[in-house]
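Colleague: The following feature annotations were taken from Swiss-Prot:
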- 231, 232, 233, 285, 385: L-serine binding site (BINDING)
- 262, 263, 264, 349, 350, 351, 352: ATP binding site (BINDING)
C-alpha cells in the first residue's frame, strides 16, 4: 500500500507511475478524499478539545459560585457530546473508504524498469545455456508422461475435474526429488531458513501480501472464511506482520516447499492440456525481509539463487526484466526466469522474483528499528519462486527425453532417486 502523505506531496509522480502501468490517474480523487478525511479528523479533535475545555470551565465556574455559567457550560458539554458520535462515524467511514482505495493501487515501478504494455515488451537480461541438439523429434511433457505410463490426466479429472494431474511411480518420485533438491540447495548453500507453515490463512494475511481485496477471484475460500494459499509467499512474508525487528538481524531469509492453490479464473482456454497451469501444484518459495538500503542487492541475490536451481539441472533458460505493464501488483521490479521447453519450442516462465519495497510492509505494519537512530521504519520485502516444481518436472521431461522415449535423470537429482538413472516405459 502506498503512503498517502507521499501521494499528497507527489500527485504527478503517482499518476505518471500509474500511466506506465497502463492505469488511469488517481491522485486528484485520492487527495480530495484525504482532505475530507482530514477535515473530519480535525472536526472531531476540535469537538473533543472544546468539550474538555468546557468541562474544566464548569469546575472553575462552580468554584467561583457562578451557577448560571456552570449550567450553560453543562448544556454545551452535553451538546458537544451528542455531536461527537456522528463526527467520529464520518471519520471512520472516510478512513475506511480511503484505505480501501489505497489498497487497490499497484506499487510504483523503479525508474530502471522498462516501460511497456505486456509480455511482448519484456527485456531479455541474460541467457544461460543452449537448446538441446537432438536427432529425434521433441515432444510435449504430457505426451512423454502418458507414453511412459506414469502421468494420468483422465483419472485426475475423475477425482477432481480439470487442471489436476496424477503422477505415479518414478514420475511421482521425480517430482518429490525436484522439490527436495530445491529446498536442500536453498537451506544448505543459499542461507535460507526452512519454514513449515499453514496452507490455510485468514484474509488479513492475504491483504498483507496484496492478494486481497483486488484478486479474490484467483483464490479458493473455505466455508469458514479461510483461504488456501496461492503461494507460500503469503505465509512467509506474514511471519513478520505487526512486528518490530532489529536492523542488525536483517535480512531474514525464509523458504518453504508447499502446495499452492489457484483458481486460474482469468486463464480460460490457456494451457488446458498438461501440467503447465494447475489448480494445485508444488512450489519452493523464497522470501527475504530487509532494510531499505539492502533491498536492491537482495533482489539480485535472490534471483541468482533461483537461477542456480536451473543451472544445476542443466536447463537452458533466460532471465527477463518485466516491463511496467506485465509486473505484478505489489512489485517495484520483477525478474522472470523462463526455461526452454523443446516440446513447445518456446520459453515458459518457471520463476518470478520481485522486490516490493515497503508496499507489503505498510499493509502488514511490519517494521524494523534502526541500529543508529533507533527510529522505526517499514521493512522491505522480496519474494521469488525457487522454483515451481511442476514446471521444473516438465522441463526435465522435455529436455532429457531420449530417442527411445525414456527420460534420463539429471545428475544432481540422482541422490534422491534411489538408484534410478532413467525413467522408462511402465511394463
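From the backbone N, Cα and C atoms, a Cβ is placed for every residue, glycine too.
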Colleague: Using DSSP and three states only, what is residue 233 (L-serine binding site)?
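Modeller: In three-state terms, residue 233 (L-serine binding site) counts as helix.
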Colleague: Which whole-number value in Å describes the distance between the Cα atoms of residue 262 (ATP binding site) and residue 231 (L-serine binding site)?
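Modeller: The separation of the Cα atoms works out to 9 Å.
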Colleague: Rounded to a whole angstrom, what is the largest C-alpha distance between any two of the residues 231, 232, 233, 285, 385 that the record assigns to L-serine?
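Modeller: Result: 9 Å between the two most distant Cα atoms.
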Colleague: In whole Å, how far does the CA atom of residue 351 (ATP binding site) lie from that of residue 231 (L-serine binding site)?
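Modeller: Cα-Cα, rounded: 12 Å.
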Colleague: Test of understanding: give the count of other CB atoms lying within 10 angstroms of the CB of residue 351 (ATP binding site).
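Modeller: Summing over all protein chains shown, residue 351 (ATP binding site) has 28 other Cβ atoms within 10 Å.
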Colleague: Across all chains shown, how many C-beta atoms besides its own are within 10 angstroms of the C-beta of residue 263 (ATP binding site)?
Modeller: 17
Colleague: Just to be sure I understand: of 231, 232, 233, 385, which binding-site residues have a C-alpha no more than 10 angstroms from the C-alpha of residue 352 (ATP binding site)?
Modeller: 385
